[in-house]
């Protein structure tokens, strides 16, 4: 969500000389996905005629020129109708993630003039809406049960004036220290005080290293946050949000994404990049060494009739940056496939599922009847996917191996509560990944698509890296449709959220590719080239102004 998504790699990551020694054929064969978008970008100004017809009354050039001179935006707003109002059942609405610091540390909307200009441009491109993080560390910053929603209220009103929808993310994690994090927003100060008194409130690895990104699920049901349990704290936060925005839920705020872990994803922080412990494509480490998780493991082992299994976590699971074959646990015929390994992985993954169940059950009760969809996010951990053990997925809490489908139980849990499963790495292709890492983002996405279809829940998607090229957009277009070529429920994507709004998105070629992509998604995965030139000679370039005005516009749009 909206969230920052660190579950994928930088395409320029240097390759390790190590070669994967495990065999690379999975128990399920997934078809290769080919992009439908031409890899060649059209040259020169591009313009969609139907967008012009819808928006030519906006006098966009004059608007941006006045805006650059400091004119008040409130006098220039007009409701806009988008291409998603045509009743096309095969369309896939596109949302755009807003910057992580959309709301300031002081609780105000950051650079409102720039945000307004950006929203106008997005609407002119046919975008359905935007996604924004409602940070726990900002909203409940001043003390328990003291909420400040004013910056978000300003954004909601601005989006409403532009006719844009909002996906609001309940972000109960820290911002900072992961891929793409451009600012730092820690957990609320009063929560950090409690953590300083009891460091076991946060996830801990075998070396005793603490991770302050998110409260450990081991204490979900314990009143460790000044008399409230973490689940109660999250519920109170969501209830406050519902009450503050009751008039907009289901109308402007069409989706509430519920954070369930680091980066908002239902997972353990097994590959922490911010503290330098992990780098791609390391297998990561289990995060079960705080006292609350240890107590849970002991209880599970005793119930299983093997109390020795609960003394500690696996002793042969290696370190963050190792490969599966370097370890006794994850290698081809490793401990993961023994009776003990199956016990441990079942426990480790099941309590993660229960954590998600607890939060989503609370959210379902809170938002029932509001008209807003609920969604949750699952990480796209595609490295070492071609190995037998799927080590990187296992340390993150996804019990997915050569012999077991780890995503079906997650999809079934989401379906139980009517929650959309939001998945990352939709833009990635196997051929782009380093050979030694055993990556298969395409196979992983196909497996998750199959799981959501079997469970009967909707699947939504995000790109994991900032990509502006036609190949990445083409991959998303291909993924968004079912085998029959439509975005039918359960077989394609119900929505796509693009990461992320920034200055680069508005560069001429990047913007043209984005507009083409949105158009293709609105047509159910079909893509049409935009005209090479503006035949109406309006000087309008999909919501932006050319020549000297373009430079001024980009300055305004820098958010």
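Glycine residues also receive a Cβ, built from the backbone N, Cα and C atoms like all the rest.
Features reported for this protein in TrEMBL:
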type: REGION; residues: 1-22; note: region 'Disordered'
type: COMPBIAS; residues: 12-22; note: compositional bias 'Basic and acidic residues'
type: BINDING; residues: 133, 173, 181, 377, 382, 424, 463, 464, 500; note: substrate binding site
type: ACT_SITE; residues: 265; note: active site, proton donor
type: ACT_SITE; residues: 462; note: active site, proton acceptor
How big is the Cα-to-Cα gap, in Å, between residue 133 (substrate binding site) and the residue listed as 'active site, proton donor'?
13
Have a look around residue 462 (active site, proton acceptor) and count the other CB atoms within 10 A of its CB, chains all included.
27
Cβ neighbours of residue 265 (active site, proton donor) where a neighbour is any other Cβ within 10 Å:
29
Length of the line joining the Cα atoms of residue 382 (substrate binding site) and the residue listed as 'active site, proton acceptor', in Å:
14
Other C-beta atoms that fall within 10 angstroms of the C-beta of residue 500 (substrate binding site)
22
Across all chains shown, how many C-beta atoms besides its own are within 10 angstroms of the C-beta of residue 133 (substrate binding site)?
28
If you count other C-beta atoms within 10 angstroms, which of the binding-site residues 382, 463 is the most crowded?
382
